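In what follows, a single structure is set out as structure tokens and then discussed.
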């Protein structure tokens, strides 16, 4: 654990929105009287009909969660219309293309026009309030227009990351019974085309076999590449928006009406459709965006995530736009054309706040400081990290080399299910410790418990729970509320269990130690081990598979697969490569296995349960303390696994 402390910078303290005194006061108010606290802060967004009920939540029984429930509002209105009178000509979105010579700026007035036109196209084709629209797009402004257009008319968007395979896309279309898809001819990443329309066509065929029929596909032209075309079903975006009016009144939405579904990996194979609603989500994302990033009017904010993940939803689109910020959308990757790209973009667009993932930082750190030092980065005043815990070495590099000791780092911890940031430093209030997410945001009450559910006080190491609701919290798993209750509220009764392990130090700072369930965190992306296992087992030569994570110098966690083959098959390099390709096709590049170990058998108890603890230890090249193996049906299996491990450290 890092013992270093970096006190609040004088420059940050001088112009901050929240200093330590205010943090302590507000935090106390927020946990002692959440009703009063959120009644005040709920007014940060505009309401067509103001709420009179603030908080109506319980973590027991059926876990009903309602915030501002009798208020009427609209997310699209709050992100666009309310800014037009005073800031219509301000840049809302800076788009930086994959090609460093291509970019564009979209003002709030233009954003209104694009979003209203797209909303009218959706209405023209029969999309109405409550309908699910799947968005499978690259990082282009039209992805944000699509989200905001859905929100404008009350349709529920389900954004699917453009790196997911046709099979993964189909599963998400089927689960929410989406009949309208918005996609693009091709995406571009690192100079390479990505066949999004082709993937969409394949996904629609797969979905049709499961009796979910997609009626319309709206296609944005990005590259002009050749695409298949289904007349009557497929329609061009540019043709459609030219034929509709540039105004579309926002639908008055109840605070608890659904806003979006976002699929995330569970410890079972089937992805969960995490459901977020309208009012509480927007209050929370706009508030965390303002206070965690100490956002000042007119600043340029760049979150490097993809809109296919929750970070992109909350901190590229909804949070910044609700606050009338200028938000930067980046189509490319950190190492194209070379490893200096991030820093060049910061200079080019005078970025003030930069929010990225530790994975990206570790890989850029490995490329050498010269790429950073080519740029001035003089506009930067705040740095942030998201997606996974950051190791102290990468934190120090980020602080000293990228930030030149002038920019505080907000190491933020949160999840798809939380809607927004839960634990994070505030730049003008919190002394920093490299690797620690530090203290809870307003209204967030963390608690550490041991495996039996006993509450741990003071400095301790345990499982991280949250004991009361906050407005940004997910309300359900789409179409399966029981799964929501079982996944998050049954392990420790009356508490939201995050699935993360955590340490609290003597100063009350929180240190996230990683997942305690069967979910991997690969490059900041959550991936269920069961998903990867079922992809492997779907290959005709594979009999059984077990997947665990292991420490990876760049990705944080790597994917280590133990594979047992069908009788008569033998594992070789060619099959290993074939299985890697197979998993990529089934799930997407994010799930690419790092190590595949062929094994004659897996370590199982006599009742047939795989002992993953042993597999994790071997994958970590740490088998000196495997613990009790007396319950194993065949202890000899372990010796073979150790002898043939793929991750041995060179001695």
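Using N, Cα and C of the backbone, Cβ positions are placed for all residues, glycine too.
Listed features, source Swiss-Prot:
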| type | residues | note |
| --- | --- | --- |
| BINDING | 189, 190, 191, 192, 311, 335, 523, 584 | CoA binding site |
| BINDING | 387, 388, 389, 411, 412, 413, 414, 415, 416, 500, 515, 526 | ATP binding site |
| BINDING | 537, 539, 542 | Mg(2+) binding site |
| MOD_RES | 609 | N6-acetyllysine |
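Structure with Swiss-Prot features highlighted.
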residue : record              : CB count, 10 Å
189     : CoA binding site    : 18
191     : CoA binding site    : 11
192     : CoA binding site    : 11
412     : ATP binding site    : 24
414     : ATP binding site    : 25
416     : ATP binding site    : 19
515     : ATP binding site    : 19
523     : CoA binding site    : 20
542     : Mg(2+) binding site : 22
584     : CoA binding site    : 17
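Reduced to three states, the DSSP call for residue 311 (CoA binding site) is helix. Other Cβ atoms within 10 Å of the Cβ of residue 190 (CoA binding site), summed over all protein chains shown, number 14. Proximity note: of the listed binding-site residues (387, 414, 515, 539), 387, 414 have a CA within 10 Å of the CA of residue 311 (CoA binding site), given in sequence order. Over all protein chains present, the Cβ of residue 387 (ATP binding site) has 23 other Cβ atoms lying within 10 Å. Neighbour density at the Cβ, taken as the number of other Cβ atoms within 10 Å, is lowest among the binding-site residues 311, 389, 537, 539 for 537. A distance of 28 Å separates the Cα atom of residue 515 (ATP binding site) from that of residue 335 (CoA binding site). Note: the Cα of residue 191 (CoA binding site) and the Cα of residue 414 (ATP binding site) are spaced 32 Å from each other. Under the DSSP three-state reduction, residue 542 (Mg(2+) binding site) is assigned to strand. Separation of the C-alpha atoms of residue 389 (ATP binding site) and residue 523 (CoA binding site): 11 Å, rounded to the nearest whole number. Listed in sequence order, the residues 535, 536, 538, 540, 541, 543, 545, 563, 579, 582 complete the 8 Å Cβ shell around the Mg(2+) site centroid, once 537, 539, 542 themselves are left out.
The distance from the Cα of residue 523 (CoA binding site) to the Cα of residue 387 (ATP binding site) comes to 8 Å. Closest in space to residue 335 (CoA binding site), of the binding-site residues given as 387, 412, 542, is 387, taking the CA atom of each residue.
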